[in-house]
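*Asks:* Could you have a look at this structure, given as structure tokens, before my questions?
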Amino acid sequence: MAELKNDRYLRALLKEPVDVTPVWMMRQAGRYLPEYKATRAQAGDFMSLCKNHELACEVTLQPLRRYDLDAAILFSDILTVPDAMGLGLYFEAGEGPRFERPTDTIDAIKKLSIPDPEDELGYVMKAVSTIRRELNGAVPLIGFSGSPWTLATYMVEGGSSKTFEKIKKMAYAEPMALHMLLDKLADSVILYLNAQVANGAQSLMIFDSWGGALSHSAYREFSLHYMQKIIDGLTRFADGRKVPVTLFTKGGGLWLEAMAETGCDALGLDWTVDIADARRRVGHKVALQGNMDPSMLYAPIPRIEEEVGHILAGYGEGTGHVFNLGHGIHQHVDPEHAGAFIKAVHAQSKQYHK
């Protein structure tokens with residue numbers, strides 16, 4: 001593997017000194033870029049794009065050609081794991097992801113098998129190894145998965161949900177069934193993420209997109225417990241250096257202390273959290289990633305630059321901060337505004353790393 005030329009993202013996650021605050025964007029390979037739209041049209045549909053390792057590599061690299069980003073993230077989807085379990089993933093126009101065979105009974109859960117990442121998910125591993133090779137050491141490659149709870153919400157609901165009625169009914173009326181599902185998913189995610197590391201991922205992120213829908217105690221029981229299990233089972237060293245792990249629960253600002261106890265290296269923050277407060281609470285234990293509101297990228301560029309300065313000042317001096325948005329970039333953002341955001345982070349953060 002080529003030697004890493006820019007490792008400030010990995011260094012910041014491990015709280016080692018950096019020259020400027022590293023920055024990348026969730027969904028940086030996405031629909032706001034005209035070149036992404038062209039490649040997706042070539043693929044035909046979203047899952048065909050994910051399953052073609054050469055095109056997945058191409059869209060992963062596209063934002064790096066435009067912007068001075070400090071990390072690349074595998075182009076894939078969190079629902080690859082339930083898809084590999086045979087649920088029949090498809091995308092409904094305007095509806096988002098759907099499953100032909102929801103996992104909403106204990107019998108359906110018992111029948112689920114744990115997918116082999118090198119077989120049913122081999123297309124993801126091929127994408128990881130291709131991207132790592134094509135990066136040629138420019139920046140680190142982030143691998144990722146959805147959290148067991150978040151994957152389970154889609155599997156039980158049969159797709160996206162605003163109320164989470166079916167999975168919450170299972171959680172409170174049939175908790176043993178849900179725990180069986182979450183346990184299988186945790187085992188699947190451990191294998192999946194470790195295979196990503198074996199194929200070249202240099203950092204890992206667990207996206208708990210819907211953990212914030214849970215009550216205080218239910219979050220610990222149904223989400224955090226299974227993310228803890230995953231962290232305990234992960235490969236933490238590869239290529240002679242640590243593989244940092246970032247946990248991100250959207251709406252998880254209440255639980256930062258509990259999340260920091262898992263042994264992860266960093267916590268992702270959404271835009272509802274004050275980063276200065278987060279650093280006071282858990283900054284002695286973990287690095288922090290975030291956390292500008294993605295909608296701020298619709299603002300005039302001077303306002304974006306002002307907000308970047310506000311967040312950098314909130315975090316303050318020293319390492320341990322990876323700048324990002326508080327969630328994925330919106331599809332209608334002007335690419336020039338994204339570029340101004342990235343430049344502002346690097347330019348304004350130098351003063352905090354003397």
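Cβ coordinates are placed from backbone N, Cα and C, and glycine is handled just like the others.
Per Swiss-Prot, substrate binding site is recorded for R27, Q28, A29, G30, R31, D77, Y154, S209, H327, and the stated evidence type is sequence analysis. Annotation source Swiss-Prot lists site 'Transition state stabilizer' at D77, citing sequence analysis.
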*Asks:* Under 8 Å Cβ to Cβ from D77 (site 'Transition state stabilizer'), same chain, six or more residues apart: give me those in sequence order, or none if nothing qualifies.
*Replies:* F46, M47, C50, P97
*Asks:* Sequence gap of 6 or more, Cβ distance under 8 Å: name the residues on the same chain that satisfy this around A29 (substrate binding site), in order along the sequence.
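*Replies:* In sequence order, the residues whose Cβ lies under 8 Å from that of A29 (substrate binding site) (at least 6 apart) are Y36, V59, T60, Q62, P63, I73, F75.
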*Asks:* Looking only at Cβ atoms, how many others are within 10 Å of the one on R31 (substrate binding site)?
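*Replies:* Other Cβ atoms found within 10 Å: 14.
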*Asks:* Are there any residues in the same chain, six or more apart in sequence, whose C-beta is under 8 angstroms from the C-beta of R27 (substrate binding site), and if so which?
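*Replies:* In sequence order, G328, I329 meet the Cβ cut-off.
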*Asks:* If you skip the near sequence neighbours and keep only those at least six away, which residues in the chain come within under 8 angstroms of Y154 (substrate binding site), Cβ to Cβ?
*Replies:* L79, P82, P97, F99, S160
*Asks:* In the three-state scheme derived from DSSP, which category covers R27 (substrate binding site)?
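*Replies:* Coil, per DSSP.
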